[in-house]
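Scroll down for the structure; my scribbles are underneath it.
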Amino acid sequence: MRKFIYLVNTELNRVLKFFIPTLIVYVALQIIQILIKISGVMRNIRENAYSNKVVGDMMNYEDAIKSIGKAYNVHSFLDADSIIIMGFLLIIGLILIYSIFIWYREWFGNNRTIYTLLMIPMERMKIYYAKLLSIILLIGTALGTLIISFFINYMIMLWRVPKDLIEEAAFSKLFQNYILSTIVPVDYRDFLLYIVIGLGLLTGIFLMVLLERSYRFKGLFAGITLIGIYLFTYLLIFESGFFFIKEALIVSLAWGILNFMGHVSWSKRLITKKISV
């Protein structure tokens, strides 16, 4: 167990020096965006108030706000716009790319650490599980950062926007947005499905790399084909209209679990009997 924890810690230390600054920039861009958005809305209200002669001076500005009424809601300031959604998807995409690099670095890095890893007196699958856990932790950290950044932006909105302008200020209302609820599912069944699909995809990527290392181009082609079939099957399950919603969920979970177990089993065979320095 101590060696496994050491491997996970080593993997995380390799990437956190790049990953943490990326998350900080992501959160900072969101804060800047909501401040600009709030400033623009308040400026428009002020300009409209003066142009319509709702107020005569700044002393009556609060009366102008009350006259407008609750014209805005949480989504007016914290909607699923480009920086929030595209930024998060970009981070997830980079993590998936890193899930490939995390293996090839052992062979093509300056130190060629694959020799050291394979010579360590322990089960080789611990190397596999350490890399898998490190990727899962990165994705979980990115998701947690997304939720925390929403809360920070929510507090900024309550601080900067008069309550008389907001129709409903409940933080939970934010996740009623379709795009946001798709990324951060509230229903536990959807959340479980996301976990199963994600694990199947990650282990599929790992299997693709190990197949390439074992059989070179043929292995790479086989790995890409397997991932394509895995994802395309999910598309058929949900888009074919053949299953009811509950049936589609059950079939999807079964398909994901089956692939996860198959990917791990095949990877174990490769990493213990086929992979070499």
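Keep in mind that glycine also has a Cβ here, set from the backbone N, Cα and C atoms.
These figures come from a predicted structure and were not determined experimentally.
Annotation comment: TrEMBL describes 15-36, 83-104, 132-156, 191-211, 220-237, 243-266 as transmembrane segment.
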Annotated stretches the transmembrane segment (15-36) and the transmembrane segment (132-156) touching (3 or more Cβ pairs under 8 Å): yes
Long-range Cβ neighbours of the transmembrane segment (220-237) (under 8 Å; 6 or more residues past either end): 197, 200-201, 204-205, 207-209, 211-212, 243, 248, 251-252, 255, 259
Best-contacting stretch, by C-beta pairs under 8 Å, relative to the transmembrane segment (132-156) and drawn from 83-104, 191-211, 243-266: 83-104
Long-range Cβ neighbours of the transmembrane segment (83-104) (under 8 Å; 6 or more residues past either end): 11, 15, 22-23, 26, 29-30, 33, 131, 134-135, 138-139, 142, 146, 149-150, 179-180, 183, 201-202, 205-206, 208-210, 213
